[in-house]
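Only one structure is covered here, and it is reproduced in the block below.
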Amino acid sequence: MSYPNHSSSTSFTLTGIPGLEDAQFWIAFPFCTMYFMAVLGNITLLLVIRLDPSLDLPMYYFLSMLAAIDLVLTTSTIPKLLSIFWFQSHEINFEGCVAQMFFIHSFSTAESGVLLTMAFDRYLAICKPLRYSAILSGPTIAKLGLAAAVRGIAIITPPTCMVTSLSYCGPRIIHHSYCEHMSVVKLACGDTRPNSIYGITAATIVVGSDSILIAVSYMLILREVIGLSSREAHLKSFGTCGSHIGVIVLFYTPGLFSFYTQRWGQNIPAHVHILMADLYLLVPPMLNPLIYGMRTKPIRERVLSLLWQ
């Protein structure tokens, strides 16, 4: 498939899904459905938590943070992706591409931090219930949320500045559906090793440290739950933790697959890699409100009461 060659010197061309150009029009329909569900679900979650005074608890504040991040992640990429698939709108200006890259990576990093705080929240609720309210006070919750956001911005600002300082030569065609860091860097002239080394190091440290701490939290929770005498308490704790672990697996698995195959997955077909990268920005934001909302009794009851009023 040929792409427009009239792009200005300050713009790139996004191909969409290489190898599946003829099917992109139809692929856009399930993608649009998932995007609509993600936006509706996360906005509903935010409104329910905001309007119901009984949900004034740390867990629901962290859920609100997660919902807000998911809205930014999907909205920064999916509308442009759909315009590529449906209207052949492949061109994106350099500033828009850099902004999209910054939002994707900084908010993904922030989401990892929020998932870590949610694991910490569950650890305190189950293992230290008497100290739960004292430790997770309002100011502490605000500081944890701010720390997740600041960390995301601080980690992604250097590679963003590095990308803007690079020179770009030759065809400015990004073989991707959105402006992912290494997809943009590969188009640059000169030495791009600092960008690659920084990206790999930052992602490995963030994901490695967060996933290890999350795993430790749930191992401590599991040990505490096994020691409970009540079968009902067992089931309730396992149900809550199971939901959280499901969200964490959904978030990290496609993200890591996409990140590392972008660098070393030459034997993996390009359309598989790009599809996984696209679904990484669609599936977790779509399922998070369902997993957390529908499995959290107060939220489920509040949503059902609003629907049946």
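In case you wondered, yes, glycine gets a Cβ from its N, Cα and C as well.
According to TrEMBL, the transmembrane segment annotation covers 25-48, 60-78, 98-120, 132-156, 197-221, 233-252, 272-292. What TrEMBL lists as domain 'G-protein coupled receptors family 1 profile' is 41-292.
Regional average pLDDT for the domain 'G-protein coupled receptors family 1 profile' (41-292) in the model is 86. Contacts between the transmembrane segment (197-221) and the transmembrane segment (98-120): present, as 3 or more C-beta pairs lie under 8 angstroms, all at sequence separation of six or more.
Same-chain residues lying 6 or more positions outside the transmembrane segment (60-78) and placing a CB less than 8 Å from one of its CB atoms are 31-32, 35, 38-39, 42-43, 45-46, 49-50, 99-100, 103-104, 107-108, 110-111, 114-115, 117-118, 121, 141, 144-145, 148, 177-178, 281-282, 284-285, 288-289, 292, 296, 299.
Through the fold, the transmembrane segment (98-120) approaches residues 59, 62-63, 65-66, 69-70, 72-73, 76-77, 80, 92, 144-145, 147-149, 151-153, 155-157, 159-160, 163-164, 178-181, 184, 206-207, 210, 213-214, 217-218, 244, 247-248, 251-252, 255, 281 of its own chain, all at least 6 residues removed from its boundaries and within a Cβ separation under 8 Å.
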